Amino acid sequence: MNPAISGVNRGRFVARTVRVRAPGKVNVSLNVGPLRPDGYHSVASVYLAVSLYEEVAATSTEGPGITVSIGPSSTLDLDGVDIPLDERNLAYKAAAIMRDVSENPTGVHLEITKRVPVAGGMGGGSADAAATLLACDALWNSGLSREELAHLAAELGADVPFSLLGGTAVGLGVGDELSPALAKAQMDWVLVCADYGLSTPEVFHTLDRLRNTEGLDIPEPLEVDAKILQALRDGNPDALSKVLINDLQRASIKLAPQLRDTIGIGESNGALAGIVSGSGPTVALLAHNPRAAEGLAEDLRHLGHNALAVHGPVPGARIISDTLL
Ligand SMILES: C[C@@](CO)(OP(=O)(O)O)[C@H](O)COP(=O)(O)OP(=O)(O)OC[C@H]1O[C@@H](n2ccc(N)nc2=O)[C@H](O)[C@@H]1O
Ligand SMILES: Nc1ncnc2c1ncn2[C@@H]1O[C@H](COP(=O)(O)OP(=O)(O)O)[C@@H](O)[C@H]1O
């Protein structure tokens, strides 16, 4: 009997831990269509996975059930931050979905190492869900293909399939219909993280309200600007800086007006351009190269901002260790 598969050795339960890391993302472009009857908006987005990772360690337990904790290596200040540890947690939901499709699931404890800002517009919870899908697939020997995992990911949230895939991708539908895109070189960014979060549904609703007031037509079907894909293909940050777009940005700024200043400070300190990431409030500033990004991050930290240099594209969710305890 192979304990790595069964979790049982001569009648004794052997715990096993599968550790997976999954990246956060920046939306290099995000076009938002009208509200659909299901409460979602159709979008056309270019996703970029960046080098700020969540980690989930999934450990099999002898008793049944799913438990969740936040690991001590988390780099975020989580004081006063609302992360539910029960069935509302996206990692819990991912494990529950995997349990339903697995033949011999055990109980599981999920320890999440948080590095991606919570409710920051960078898909941190989605990364936890993607990592958990992959970890439980390995832990329970479920043998699902990447395609099957992507299908389950889409049930968990619009951003979850991208964290599984990683790299650079065009997302259509609600953001879950992904086509990988080419990127010749890494792009360097500085993330300016806020000490507050924004609710994704509230930002979408605010955009609807602003648009209703204006009475403007919303373009459909949505398309990604070919210049964005060209700039990524060429690895040309100058060209990319001219075409960054986020339709949600003005709604985020309506809810958190200080974001406009954050982008302005980034640009006046040397960023090629700045954009709110997804629904915000994280601001992503594009830099020329790694040195420029490190320098900009340091300057912004001196000005009192929580700034971090990252790069992308990076790979999607990956197993980093698999051990019997
Ligand atoms: C805005 C984006 C851009 O990538 O990211 P974040 O800023 O959240 O990271 C995504 O569209 C968010 O994806 P995700 O956070 O997975 O959303 P979900 O949990 O599926 O949906 C939460 C809620 O956001 C709204 N929503 C989400 C996606 C979408 N295409 N249209 C929407 O209107 C809906 O009100 C939905 O009920
Ligand atoms: N594993 C998780 N990590 C963070 N937040 C989670 C998680 N599971 C559920 N949530 C809830 O989802 C909300 C949005 O989470 P997050 O993915 O960090 O933001 P965003 O959608 O802006 O990228 C949080 O405010 C939190 O209440």
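Using the three backbone atoms N, Cα and C, a Cβ is placed for every residue, glycine included.
TrEMBL entries are annotated by machine, without manual review.
Taken verbatim from TrEMBL:
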type: ACT_SITE; residues: Lys25; note: active site
type: ACT_SITE; residues: Asp159; note: active site
type: BINDING; residues: Pro117, Val118, Ala119, Gly120, Gly121, Met122, Gly123, Gly124, Gly125, Ser126, Ala127; note: ATP binding site
type: DOMAIN; residues: 89-167; note: domain 'GHMP kinase N-terminal'
type: DOMAIN; residues: 229-304; note: domain 'GHMP kinase C-terminal'
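Positions of the features from TrEMBL, shown on the structure.
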| residue | record | Cβ neighbours (10 Å) |
| --- | --- | --- |
| Lys25 | active site | 33 |
| Pro117 | ATP binding site | 25 |
| Ala119 | ATP binding site | 20 |
| Gly121 | ATP binding site | 30 |
| Gly123 | ATP binding site | 31 |
| Gly125 | ATP binding site | 27 |
| Ala127 | ATP binding site | 36 |
| Asp159 | active site | 30 |
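Listed in sequence order, the recorded positions among Lys25, Pro117, Gly125, Ala127 whose CB lies under 6 angstroms from an atom of ligand 1 come out as none at all. Residues distinguished by a CB atom under 6 angstroms from ligand 2 are absent from the recorded positions Lys25, Pro117, Ala127. Sorting each residue of the domain 'GHMP kinase N-terminal' (89-167) by its DSSP state yields 45 helix, 8 strand, 26 coil. Lys25 (active site) carries a strand DSSP state (E or B). For Asp159 (active site), the nearest of the recorded positions by C-alpha distance turns out to be Gly123; the candidates were Lys25, Ala119, Gly121, Gly123, Gly125. Excluding Pro117, Val118, Ala119, Gly120, Gly121, Met122, Gly123, Gly124, Gly125, Ser126, Ala127 themselves, the residues of that chain whose CB lies within 8 A of the CB mean position for the ATP site are, in sequence, Gly24, Val116, Thr282. Between Gly123 (ATP binding site) and Lys25 (active site), the C-alpha separation comes to 6 Å. Here the CA atom of Lys25 (active site) lies 11 Å from the CA atom of Pro117 (ATP binding site). Here the domain 'GHMP kinase C-terminal' (229-304) has, by DSSP, the following mix of helix, strand and coil residues: 42 helix, 11 strand, 23 coil. In this structure, the C-alpha atom of Gly125 (ATP binding site) lies 11 angstrom from that of Lys25 (active site). Cα spacing between Ala127 (ATP binding site) and Lys25 (active site): 9 Å, rounded to the nearest whole number.
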